[in-house]
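Here is what Swiss-Prot records for this protein:
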- 1-15: signal peptide (SIGNAL)
- 76-385: domain 'Peptidase A1' (DOMAIN)
- Asp94: active site (ACT_SITE)
- Cys107-Cys112: disulfide bond (DISULFID)
- Cys268-Cys272: disulfide bond (DISULFID)
- Asp277: active site (ACT_SITE)
- Cys311-Cys344: disulfide bond (DISULFID)
Amino acid sequence: MKWLLLLGLVALSECIMYKVPLIRKKSLRRTLSERGLLKDFLKKHNLNPARKYFPQWKAPTLVDEQPLENYLDMEYFGTIGIGTPAQDFTVVFDTGSSNLWVPSVYCSSLACTNHNRFNPEDSSTYQSTSETVSITYGTGSMTGILGYDTVQVGGISDTNQIFGLSETEPGSFLYYAPFDGILGLAYPSISSSGATPVFDNIWNQGLVSQDLFSVYLSADDQSGSVVIFGGIDSSYYTGSLNWVPVTVEGYWQITVDSITMNGEAIACAEGCQAIVDTGTSLLTGPTSPIANIQSDIGASENSDGDMVVSCSAISSLPDIVFTINGVQYPVPPSAYILQSEGSCISGFQGMNLPTESGELWILGDVFIRQYFTVFDRANNQVGLAPVA
């Protein structure tokens with residue numbers, strides 16, 4: 001009987017998981033559009049999402065070119081606490097980057113004044129460093145310092161976590177951003193200044209029982225989405241998880257066999273590489289095949305630069321199917337056409353990301369909303385299953 005009780009306790013300990021609820025909010029793009037500021041923003045800022053994946057390093061100032069404009073369309077955000085007592089911040093949980101950044105009281109830029117700012121003097125556990133970091137984007141740089149403190153995330157106390165405290169943030173557009181900072185969940189190999197990512201620090205301290213985390217993004221307008229640290233909750237998906245090997249341990253990069261529509265290959269006919277990225281809202285790929293897809297679904301560019309589709313056409317459009325590791329993952333038109341306040345916008349975006357293995361695709365939130373996703377660091381693989 002004692003052995004049965006012990007085994008039960010062990011099984012229970014292995015099932016412990018920490019959930020961080022995500023709230024879906026109005027994107028920065030939508031806010032700027034409603035305020036009549038989007039056109040001016042697009043003129044001033046040359047949007048190039050590719051810079052997120054291929055940063056330009058400039059030693060010794062440790063410059064990392066990761067433009068925050070990449071988060072223009074983000075809608076899912078969670079709350080973390082930093083310091084003792086905890087100071088709360090709304091962040092993007094981003095599997096396409098590896099650093100944790102929040103504004104600080106040392107920042108007097110307009111964008112910082114409208115967001116939560118970390119005050120080291122209010123935390124009894126903060127440790128300063130002499131390191132500085134700069135993130136280049138748009139027409140200037142977000143400069144900051146690095147420090148260590150306790151990060152509260154989903155009930156986990158992540159002690160001695162290195163993070164960035166911004167000192168300057170250029171451009172007024174971030175004033176309207178629905179988030180304070182970024183929490184990166186990619187591999188440590190792409191971390192700026194060699195900073196240990198949050199999940200790595202959590203695992204290294206033995207705070208979770210499994211070296212993995214999982215993501216469920218709800219199509220609901222506000223609630224239901226979640227990041228799960230250290231576990232998998234089968235109530236969020238149907239069927240079984242299909243596992244896909246990570247091909248490059250930097251981003252969560254995998255191989256896509258093909259992309260088809262009506263049974264015909266429309267892209268990636270001989271296979272291609274893709275990054276599964278919660279920090280990118282759309283499905284992005286090389287400009288040429290994306291242009292063909294836009295044409296196939298009847299999308300045309302409007303004055304704001306969005307690719308719009310007739311809302312009445314959605315019901316007649318076909319699924320676009322991503323075949324990954326031999327398994328088909330259909331994305332229906334109700335998912336790849338984004339509907340908002342009477343307008344319908346294509347969820348595809350052209351972006352050239354050349355690598356030694358060919359052009360990269362990005363499977364962003366449009367895809368992840370359809371498929372519960374497990375990011376398994378222990379086995380360097382991604383698990384996918386249809387959402388429940």
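In case you wondered, yes, glycine gets a Cβ from its N, Cα and C as well.
DSSP assigns Cys268 (disulfide bond) to coil in the three-state reduction, outside any helix or strand. Among the recorded positions listed here, namely Asp94, Cys107, Cys112, Cys311, Cys344, Asp94 has its C-alpha nearest to that of Cys272 (disulfide bond). Cβ neighbours within 10 Å of Cys107 (disulfide bond), excluding its own Cβ and spanning all shown chains: 22. Cα to Cα, Asp94 (active site) and Asp277 (active site) are separated by 7 Å. By the criterion of other Cβ atoms within 10 Å of the residue's own Cβ, the least surrounded of the disulfide-bonded residues Cys112, Cys272, Cys311 is Cys311. Within the same chain, residues at least six positions away from Cys268 (disulfide bond) with a Cβ under 8 Å of its Cβ are Val256, Asp257, Ser258, Ile259, Gly285, Pro289, Trp361. Neighbour count (other Cβ atoms within 10 Å of the Cβ, all protein chains): 19 for Cys344 (disulfide bond). Here the Cβ of Asp94 (active site) has 23 other Cβ atoms within 10 Å, regardless of which shown protein chain they belong to.
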